[in-house]
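According to TrEMBL, the UDP-N-acetyl-alpha-D-glucosamine binding site annotation covers Thr11, Gly12, Gly13, Asn123, Arg164, Ser185, Ile239, Gln284. The domain 'Glycosyltransferase family 28 N-terminal' annotation in TrEMBL covers 4-142. According to TrEMBL, the feature domain 'Glycosyl transferase family 28 C-terminal' maps to 179-341.
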Amino acid sequence: MKRIILTTGGTGGHVFPALAVAHEIKSRFPDCEILFLGGNGPEKEMAKRAGIAFKGLPAKGVMGGGLAKILGSFWIVPSMTLAIKEVMTFSPDAIIGFGGYAGFCPVLAGWMLGIPTAVHEQNSVPGMTNRILGKVVKKVFTSFADNSGSFPEGKVAVTGNPVRKEIINSGKTAADKSVLVFGGSQGAAAINNAIVEGLSRIKDSGITLRHQTGKADYEKVRAAYEQAGFSGEAVSPFIHNMAEAYANAQLVVCRSGASTIFEVAAAGKPAIFIPFPYATHDHQTGNANSLAGINAAIVIPQKDLNGDLLAEEILKLISDQNKLKEMGNNALSFAKPDAASVIVDGIENIIRMRTIRGVA
């Protein structure tokens with residue numbers, strides 16, 4: 001394996017598994033060159049922070065409409081043209097997409113040029129990009145069993161969602177009554193507001209909070225913490241060292257994107273999930289129910305969320321250490337710590353099959 005293109009974009013939920021696979025590739029093949037093709041979302045900074053070469057493509061999210069909607073988008077021609085150019089110049093052994101609008105053109109370009117391609121679908125309900133690409137790629141890796149019939153059965157390998165190595169089993173040093181709150185890489189206003197509303201009930205319980213707010217709500221939430229008697233240092237717009245944050249927490253309050261679900265499981269943490277209600281096909285509720293169904297988490301629909309309810313659930317769980325331990329162990333049983341390794345094995349296999357057939 002000499003050169004690999006990884007491609008995705010839009011949110012951290014797409015990017016984190018791509019970076020986990022990149023780390024696994026580099027650990028096995030230190031001389032392998034990796035190029036990350038993405039859009040204008042957080043992927044550029046995240047790839048740079050991980051030391052991976054990045055090239056940006058013009059791309060924008062598309063809601064509904066399938067392939068016709070994508071092909072009719074204003075960005076598709078310049079993005080496809082640039083993707084073909086980058087793929088031909090880099091000449092990769094394989095191209096792996098991780099969903100998101102920015103990953104569409106590079107994978108399609110690879111298929112057109114006869115390069116082995118694959119996609120990884122993070123969520124319980126596949127997104128549009130991967131549903132389309134799944135018909136042409138050599139392999140489809142999924143986090144959950146594909147119950148929707150979205151992909152050709154013979155192509156699917158259920159791998160789990162790749163998790164950064166530092167997060168796996170990071171949860172062994174948690175402080176008592178410590179709660180980690182976050183809403184994904186961009187924050188979640190509904191969770192931020194509910195926590196702020198519930199601070200008055202939490203403040204005399206001895207609970208320690210660590211809260212990632214996202215940029216938009218940071219100042220407001222920090223001020224509310226300080227006004228309620230909590231340290232403002234507990235609040236930050238973004239937590240770069242999530243492994244440490246998980247390690248220090250007994251309980252996690254968060255959204256339920258696939259990356260979050262599998263990180264929580266890998267860290268062995270009980271969770272309160274508040275699914276994002278406007279996710280495509282409500283996939284976050286499906287994700288959350290995967291852990292709730294094995295008594296590793298509880299789920300609060302956003303329509304029911306308020307400060308009193310969230311504070312009540314936090315206090316109830318934190319006061320029952322045996323329950324927390326049981327839920328954490330159940331979460332750990334759901335984890336797929338070898339997901340990145342299994343995916344890299346699969347990438348090696350599609351490259352090998354191309355060589356056997358005499359195409360290389």
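Glycine is no exception: its Cβ is also placed from the backbone N, Cα and C atoms.
Curation does not apply to TrEMBL; its annotations are automatic.
Distribution of TrEMBL features across the structure.
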residue: Thr11; record: UDP-N-acetyl-alpha-D-glucosamine binding site; Cβ neighbours (10 Å): 19
residue: Gly12; record: UDP-N-acetyl-alpha-D-glucosamine binding site; Cβ neighbours (10 Å): 20
residue: Gly13; record: UDP-N-acetyl-alpha-D-glucosamine binding site; Cβ neighbours (10 Å): 25
residue: Asn123; record: UDP-N-acetyl-alpha-D-glucosamine binding site; Cβ neighbours (10 Å): 26
residue: Arg164; record: UDP-N-acetyl-alpha-D-glucosamine binding site; Cβ neighbours (10 Å): 19
residue: Ile239; record: UDP-N-acetyl-alpha-D-glucosamine binding site; Cβ neighbours (10 Å): 17
residue: Gln284; record: UDP-N-acetyl-alpha-D-glucosamine binding site; Cβ neighbours (10 Å): 29
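Counting residues of the domain 'Glycosyltransferase family 28 N-terminal' (4-142) by DSSP class, helix then strand then coil, yields 63 helix, 27 strand, 49 coil. Under the DSSP three-state reduction, Gln284 (UDP-N-acetyl-alpha-D-glucosamine binding site) is assigned to helix. In the three-state DSSP scheme, Arg164 (UDP-N-acetyl-alpha-D-glucosamine binding site) falls into the coil class.
The average pLDDT computed for the domain 'Glycosyltransferase family 28 N-terminal' (4-142) is 89.
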